[in-house]
Amino acid sequence: MHEFLVFTISGLTTAGIYAISASGLTLTYVTTGVFNIAHGATGMLAAFTYWQLAVAWGWPVPLALLFCVLVAAPLFGLLLERVVMRRLAGAPESTRLVVTVAVLVVLVSAAQWLWDPSTFRRTQGLFAGRGFEAGGILVPYNDVVVLGVAAAVAGGLWLLLHVSRAGVAMRARVDDPSLAILNGARPATSARLAWMIGTSLAALAGILIAPKLTMSAIPLTLLIVNAYAAAVIGRLRSLPMTFAGALVVGLAADYAIGYVPKISYGQQYLRGVLPVIPVLVLLVALLVLRASRLRGKPALAIREITPTPTWAGTGVFAAAVAFGAVIAATTLAKADLYSSTALWGLAIVGLSMVPLVGYAGRISLCQLSFAGIGAAVVSHAGGGSNPAALLAAAAVAAIVGAVVSLPALRLSGIYLALLTGAFAVALDNWIFQLPAFTVLGDQFALFTNGTLSVERFAVGPLDTTSDRAFFLTGAALFLAAVAVVVAVRRGELGQRLIAVKESPAAAATLGMNVRLTTLAVFTLSAALAGLGGGVYASAVRSTTPDAFSFFTGLTLLLIVVVAGVSSIGSGLAAGLLLGTAAVGSATGDDSARVTATVVGLAALALAANPNGLIPSVLRPAYEPVRRSPAVLAGSVGAITALWVLTLVDAVAPNVLPLGVLLVAVAAPLVARPLAGRAAATAGTEPAGRDEGLSGPLEWLGFDAPVGRADLDAIDARLALDTARLDTGPHLASGKTVGEARVGAA
Amino acid sequence: MTPLVELRGVRARHGRVEVLHGVDLAVDAGQVLAVLGPNGAGKTTLLRVLAGLHPPSGGEVLLGGRRANGADPVDLARRGLCLIPEGRGVFPSLTVRENLWMTTHRPAGLSRAEVEERAVARFPRLGQRLRQPAGTMSGGEQQMLALARALVCEPAVLLLDELSMGLAPLVVAELYASVRAIAADDVTIVVVEQFAAAVLEVADTAAVLVEGRVAAAGPPADIAGQLSGAYLGGAPPADHRPAGTT
């Protein structure tokens, strides 16, 4: 009984902290429509700031606390609103989510930079752990104060949102910002207030929870993320329910700490479950709560474009990749080649996000976890150079992906992101750390002693044991995956995915099976990720669960989204940035952190341009090159010449990379004026014209009536002349829709 | 006498497309102006320009004789210019009571109790629904709430956009009866409608907007005769069919 009370008190304190954090999260969501994934990271940053002030610089505790919560945090909230969040108004939900993920990555990287992770740091609870005796139990003053503060926050927020006009105006702003203006409310003021209060609450929670751990950026961030479970139980709306949720999460976590170690059976498997208890609560909450309560807000406007890749364009891309791979494989130094083999596996994992996130618009935070599963499968099934291991990896990951997607089918937006994030954290912190276990007489060890060793496969004469052979095989596998993704996008599934993304309701009323479509894309994407994980593990030969951590997965997602999540090249960008020697040697030991920071900062710009860099910058820049045979041949020729010269040792090895860089920069500069001149002589514009149309689509009919040819071209683009509806009496004649339309006219 | 609301040669564009090509209109204090016209004529843009939500690209907007181009919509709202936008002008997730509270910033210094009292006096049905989220009410009730919220703060100018949209004719008649009552209290009203029959009964003057230009303006009875032509782009037919029935 005594023990139970002790755990109850500490559980209530944890619950109080989660409640403070979750209510801040809910407040910003309710009033600005932005679900701030970086809320936990903000709290983590505040905890570090507090440590710096109170411990390192010896400020008095109350001063440091008040400074952090009432001065630094609101200012930081203002900064966030000003620099990032303001530009998210009207952005699609997926963009809003990814941008807050970027904030998280930047904050975590910044904290690791400012406070060297290898130094041991710790903060103390308030009142230095003193307390009073009640019924034979020591109740720390700290806990009493935390509970009091939580109650005050609850009451204060309720009054703010339901009684004060500022609060009602904050809620009104979410419903309809321009109507709020018409009622004399200033939406910018509401948003600023919401971010200031939300950030303060995150900071308070971060500082209060920090004594439970040693100070370390990622665990501390994840600890505060636990509060998200409480916010989900509150359906991101109801503050009382959020507080109830916080009680469930806090008590569950502390009872588990108290009682799970007492279970006599299976201790080695259960130990890892303790830190993920709140994540399991989140999973259960997402599964149990009724779907209608969990529907995300629809995007106000679609600003993303998902152009259909052509086979010709894909061919050019594939040729460029193959050419680059051959050059790299034949000229890179041995060590560099080894450290670059990881490129292709990560590129395939990045590519796996294109159908799911890019085409279907579903944010998944667990693609790298599927890759981890693929890696484990290849390690276990790949003994004796078994080539089927990669297929097995894809198949197992596909099955897991399908199972994960079953509950995900009814979720979208933030709830889906949270579900996949929870799955990733659970896998990362618990499942991947499990010791060996026995199922049906066979022994499994996912990551034996924390490391996986993997044998590279061999098929007949093709032996991929050497780095060069594996590098080229990896490139071939990546291109095969590219072909699959392009075929999907060009086929019926791709069109269904876009339809489901842009209007699930319209897709459903057209008779599409939205759930089956979603299931298919989840499965496909998990299979690709599993394959990528297998290729990655084969490349590096020995890997640890860290390579598949939740945080690395976030960085990978960001790179893909920044590059352009609907473009097949974005996967390659992820591979190049995360898996090659180039980035590592350029930035030294901090490479992962540099990459994360740069990518995070770049992602912040997504609010302005949700399409990413490839479609908006790279493709327009290189389009003239593709259209100009002379420049194209010249570029390829120059690179080939340099390559040959390098192979025969006529030039120093580092001339080639510099030459490639020079050609890459110079080719668009040369090609653009050429393309402009060609267009001037032909009297037509090179771009902005749709195939078969007499002018840009949006200007048809402005200068001249829409002609027969234009109508036919539009019909062809919409596939109206081939679409055959097989239901309904008026179509019994077998006429196509195109004919029916012409007939009616 | 200076008109309370006046537009002189107002132009407005959406991106590259100009949608208002020099609109001249004037409403005296206490009058009701009905602006009619087919889809895409620029009616809603006209109201948004008046309310300060859309900056005009040319011409002048005068309120009470003073130039109001580019005025902050929040300031205009606080000075008694009230727009009920197209669709339902309510905050669906706020309760009816909280929707009404949104007006309590005004210098008039109304208390919340007074606001509720006035709203319920005008629309008794809202009294039973004060604690209900506005989004759960019927379309007509939502429009009543929007009207009520606009009225409790005693606006000088009320801009109504497509009050009838998506509502049953009976409900539309009921809403326009309220508009007539409001007009009787000397509120200047600019009302934009496609459902001409209902609004012409209420209006003091009417104007027909076609493709961003005022095609006709004058007493409602005269305008009613020209409507079909304006909507269909041809000569007015012999029978004076109200446009709402086409």
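Glycine too: its Cβ is placed from the backbone N, Cα and C atoms.
Curation plays no part in TrEMBL annotations; they are all automatic predictions.
Noted in TrEMBL for the protein shown:
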type	residues	note
TRANSMEM	A:6-30	transmembrane segment
TRANSMEM	A:63-85	transmembrane segment
TRANSMEM	A:97-115	transmembrane segment
TRANSMEM	A:144-163	transmembrane segment
TRANSMEM	A:193-210	transmembrane segment
TRANSMEM	A:216-234	transmembrane segment
TRANSMEM	A:310-331	transmembrane segment
TRANSMEM	A:337-358	transmembrane segment
TRANSMEM	A:413-432	transmembrane segment
TRANSMEM	A:469-488	transmembrane segment
TRANSMEM	A:519-541	transmembrane segment
TRANSMEM	A:630-648	transmembrane segment
Where among A:63-85, A:216-234, A:469-488 do we find the most Cβ pairs under 8 Å to the transmembrane segment (A:6-30)?
A:216-234
Do we see three or more Cβ pairs under 8 Å linking the transmembrane segment (A:216-234) and the transmembrane segment (A:413-432), pairs being at least 6 apart in sequence?
yes
Ranking A:193-210, A:413-432, A:469-488, A:519-541 by Cβ pairs under 8 Å to the transmembrane segment (A:310-331), which is first?
A:469-488
Feature contact check the transmembrane segment (A:63-85) with the transmembrane segment (A:193-210), CB under 8 Å, 3 or more pairs:
yes
Recorded stretch, among A:63-85, A:97-115, A:469-488, A:519-541, maximising Cβ pairs under 8 Å relative to the transmembrane segment (A:413-432)
A:97-115
So which residues does the transmembrane segment (A:97-115) touch in its own chain, when a touch means Cβ under 8 Å and the partner is 6 or more beyond its ends?
34-38, 40-42, 44-45, 48, 51-52, 80, 84, 88, 91, 121, 215, 217-218, 221, 363, 365, 413-414, 417, 551, 554-555, 557-558, 561, 590, 593, 596-597, 599-604, 606-607
Same-chain residues at least 6 beyond the ends of the transmembrane segment (A:144-163) whose Cβ lies under 8 Å from its Cβ atoms:
12-13, 15-17, 19-20, 23, 27, 30, 126-127, 170-171, 197, 201, 204, 208, 239-240, 243, 246
Non-local residues, at least 6 beyond the ends, that sit with Cβ under 8 Å of the transmembrane segment (A:469-488)
309, 311, 314, 317-318, 321-322, 325-326, 328-329, 337, 340-341, 343-345, 347-348, 351-352, 354-355, 359, 390, 456, 462-463, 494, 497, 524, 528, 531-532, 535, 538-539, 568, 571-572, 575
Grab the same-chain neighbours of the transmembrane segment (A:63-85) for me: Cβ-Cβ under 8 Å, and only residues 6 or more beyond its ends, written as numbers and ranges.
32, 34, 42, 45-46, 49-50, 53-54, 99, 103, 126, 191-192, 195-200, 202-204, 207, 604, 607
